[in-house]
Ligand SMILES: Nc1nc2c(ncn2[C@@H]2O[C@H](COP(=O)(O)OP(=O)(O)OP(=O)(O)O)[C@@H](O)[C@H]2O)c(=O)[nH]1
Ligand SMILES: [Mg+2]
């Protein structure tokens, strides 16, 4: 059973501008994400939070009956419960109770595949437990531990001892440090490949992996499931004018993403911080598109990216194939009216409509921060060619009639000087010129 409590008038929206019904639908989706069979879902309007059980007495009694009548084993309360409230509710409802953070942590726990992902989720889980111990220290002798706490009698129990938890957290941090060092090396390796990074971010289920697969012709899990992707995936893509880029798919965001998780996934999300272009993929066919958009922007701000001023961001208005033609047209017109630097790309990752416009937008963004030059080498200058490939992105290579070779290379601005020093024949290119040849 899933219960979404709202404070105040029925029909009121929460801070994020979401109607309660939409929050309930999302909470059910989250429960289904860990294969729970949701028998009942209820919106509850509270006039105030009851400290002992969060929900009011009458509601608790009503739900207890429902739990008994329908044989419900687990009640998800889509709110942040204190450990005391959780325990009291469990007692009075006669079922296990999980709150929003607990549920999201459970999903992440199941989705984590890489060692780093597993460690990050465990870290978040323990930090969360520890914070709950502080508040209710005197009330708890035992506390749930590790994962799989929906598992029933066989579940692991660890002593509710802050010191023990603290030690485990430290151990995980050390392991994470180790993993990160290895990954840092990988990243350094990638830095040697002079391709820019394009990162996909967005609300969970917005279509990031679908877009990733379309652009890379890869087969990353794309599913109508919340948090289908957890671990970052990287692939190389080719842009319209021949430039290369590395596309990165990563974990989706959600409203009220537990802070422990944001902290835990910081390392993963650092990939995003370092990206040259950030694609914010949005499901514009979703009734909560606006609220989801602002949730993602707020996570980006938490990560230190200002969505209003960061020139690397491009919004991708995805899933337009699901919209009525009139709404589609209005959206396209709205997008077209925006200044180029802030213009969203209207597209469908499923049908491929708008894919070229997206690649073009990425290309334009990259050419604004990188310089494209033409370098002419003697055909025998293998060392020169090597240098170009190591330090720049060779977009085009043409043998001239007189035997020399003409390279169109994209380089980071700080490389330009070195390049000019190294090569005698360097010409700037005109954007028009590039376009014609492509
Ligand atoms: N109709 C339609 N469906 C789409 C489109 N893009 C994605 N979808 C569907 O939306 C669902 C979610 O897509 P994913 O690509 O897994 O979404 P995601 O953003 O990677 O989600 P997480 O990894 O869970 O954060 C899948 O069922 C896709 O088939 C689109 O343009 N149109
Ligand atoms: Mg995904």
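Placement of Cβ uses the backbone N, Cα and C atoms for every residue, glycine included.
Unlike curated entries, TrEMBL annotations are predicted automatically.
Remark: residue 319 (GTP binding site) has 206, 207, 283, 284, 285, 286, 348, 349, 350 as non-local neighbours, by Cβ distance under 8 Å and separation of at least 6 in sequence. In the three-state DSSP scheme, residue 319 (GTP binding site) is classed as coil. Positions annotated as GTP binding site by TrEMBL: 202-209, 227-231, 249-252, 318-321, 348-350.
Under the three-state DSSP scheme, residue 209 (Mg(2+) binding site) falls in the helix class. According to TrEMBL, the Mg(2+) binding site annotation covers 209, 229.
For 11-21, the entry in TrEMBL reads compositional bias 'Basic and acidic residues'.
The annotation domain 'Hflx-type G' is assigned in TrEMBL to 196-370.
As annotated by TrEMBL, region 'Disordered' applies to 1-21.
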Around residue 208 (GTP binding site), how many other C-beta atoms are within 10 angstroms of its C-beta?
30
Whole-number Å value for how far residue 209 (Mg(2+) binding site) lies from residue 202 (GTP binding site) (Cα to Cα):
10
Near ligand 2 by the Cβ criterion (under 6 Å), the binding-site residues from 202, 205, 208, 251, 319, 348 are 208
Looking only at Cβ atoms, how many others are within 10 Å of the one on residue 205 (GTP binding site)?
24
